[in-house]
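S.K.: What TrEMBL records for HIS123 is active site, proton acceptor. For GLN101, ASN102, VAL103, ASP104, GLY192, THR193, SER194, ASN218, PRO219, VAL220, ALA236, the entry in TrEMBL reads NAD(+) binding site. For CYS131, CYS134, CYS152, CYS155, the entry in TrEMBL reads Zn(2+) binding site. Residues annotated as domain 'Deacetylase sirtuin-type' in TrEMBL: 1-248.
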Amino acid sequence: MKLADARAALREARHVAVLTGAGVSAESGIPTFRDAQTGHWARFRPEDLASPGAYFRDPALVWEWYAGRYRDVTRAQPNGGHALLTQLEREKGDGFFLATQNVDGLHTRAGSGAAGGQLVELHGNLTTARCEVCDWTADLPAPDHFTPPPSCPDCGGRMRPNVVWFGEDLPETALAAAATAFAGADVALIIGTSGVVYPAAGLAAEALRRGAVAIEVNPVETNISWQMTFAVRDVASRGLAALLGQEP
Ligand SMILES: [Zn+2]
């Protein structure tokens, strides 16, 4: 398949399912999980901060780390890749589905999920917290007014970061929605994710099995490249601009 064919497939698709990963956030300056371990935090492994065991042992430490990441993502801005996905959602309406592995909330800030289609955050969102007692989810206060840990506005219980930790399952409803969307997609887009992290490979494979065109956007080859119909070897913003026939 050539770029012109991929473009045509995307233009004519009624149902588009998208999966995004860290590569989309990288252009906004959001460091990957491991790259975020600098300075004081360099001596911790992510597993020592982002796991139920770590939180049980030292909730204050884990919250301090998340508060720092929350400040970082609040300062960051959505980039051209986020904006083009919102534009695509506007074009496809309820035929558009976006699942992201990113927890920075940048897709939401760029308008995804509010332009006629659906957005699910498979790994949660670190700009929100979830009650340990009653499961209530709430936005964190602005970084300047935020002292962790937050208390539940509903029951007063302690709240935890609303992200999926090592050793925890992905949210079932979000996963089920993604599986349904990819199974029914005419075009599946896999953007900025290595394919190692579950469930990227499975979603792409299911879309292909049902006859979809699967397009990867990634500057480097990944574990799932071999099964793709077409690949754009570029960063998300430029790769999407090429697929949508626009100047980045
Ligand atoms: Zn509560």
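Here the Cβ of each residue, glycine as well, is placed from N, Cα and C on the backbone.
Predicted, not measured: the structure shown is a model, and the values here were computed from it.
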S.K.: Return the residues near the residue listed as 'active site, proton acceptor' by Cβ distance under 8 Å, restricted to its own chain and a separation of at least 6 in sequence.
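M.R.: Non-local contacts for the residue listed as 'active site, proton acceptor': THR100, GLN101, ASN102, VAL103, VAL163, VAL164, LEU170.
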S.K.: For the binding-site residues CYS131, CYS155, SER194, which residues place their CB under 6 A from an atom of ligand 1?
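M.R.: If the test is a Cβ under 6 Å from any atom of ligand 1, the answer is CYS131, CYS155.
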S.K.: Inside 10 Å of the Cβ of SER194 (NAD(+) binding site), count up the other Cβ atoms and send me the figure.
M.R.: 17
S.K.: Quick one: pull the CA-CA distance for GLY192 (NAD(+) binding site) versus CYS155 (Zn(2+) binding site), whole Å only.
M.R.: 39
S.K.: Helix, strand or coil: which one is CYS155 (Zn(2+) binding site) in, per DSSP?
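M.R.: SS state of CYS155 (Zn(2+) binding site) = coil.
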S.K.: I want to check the contact list for PRO219 (NAD(+) binding site): same chain, sequence separation of six or more, C-beta distance under 8 angstroms. What comes out?
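M.R.: The answer is GLY23, ARG233, ASP234, VAL235.
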S.K.: If you measure every Cα to Cα pair among GLN101, ASN102, VAL103, ASP104, GLY192, THR193, SER194, ASN218, PRO219, VAL220, ALA236, the residues listed for NAD(+), what is the largest value in Å?
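M.R.: Taking every pair among GLN101, ASN102, VAL103, ASP104, GLY192, THR193, SER194, ASN218, PRO219, VAL220, ALA236, the longest Cα gap is 23 Å.
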S.K.: Specify all same-chain residues, apart from the site residues CYS131, CYS134, CYS152, CYS155, whose Cβ lies within 8 angstroms of the center of the Cβ atoms of the Zn(2+) site, ordered by sequence.
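M.R.: The answer, listed by sequence position, is GLU132, VAL133, ASP135, TRP136, PRO153, ASP154, GLY156, GLY157, MET159.
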S.K.: Whole-number Å only: compute the distance from the Cα of CYS131 (Zn(2+) binding site) to the Cα of SER194 (NAD(+) binding site).
M.R.: 32
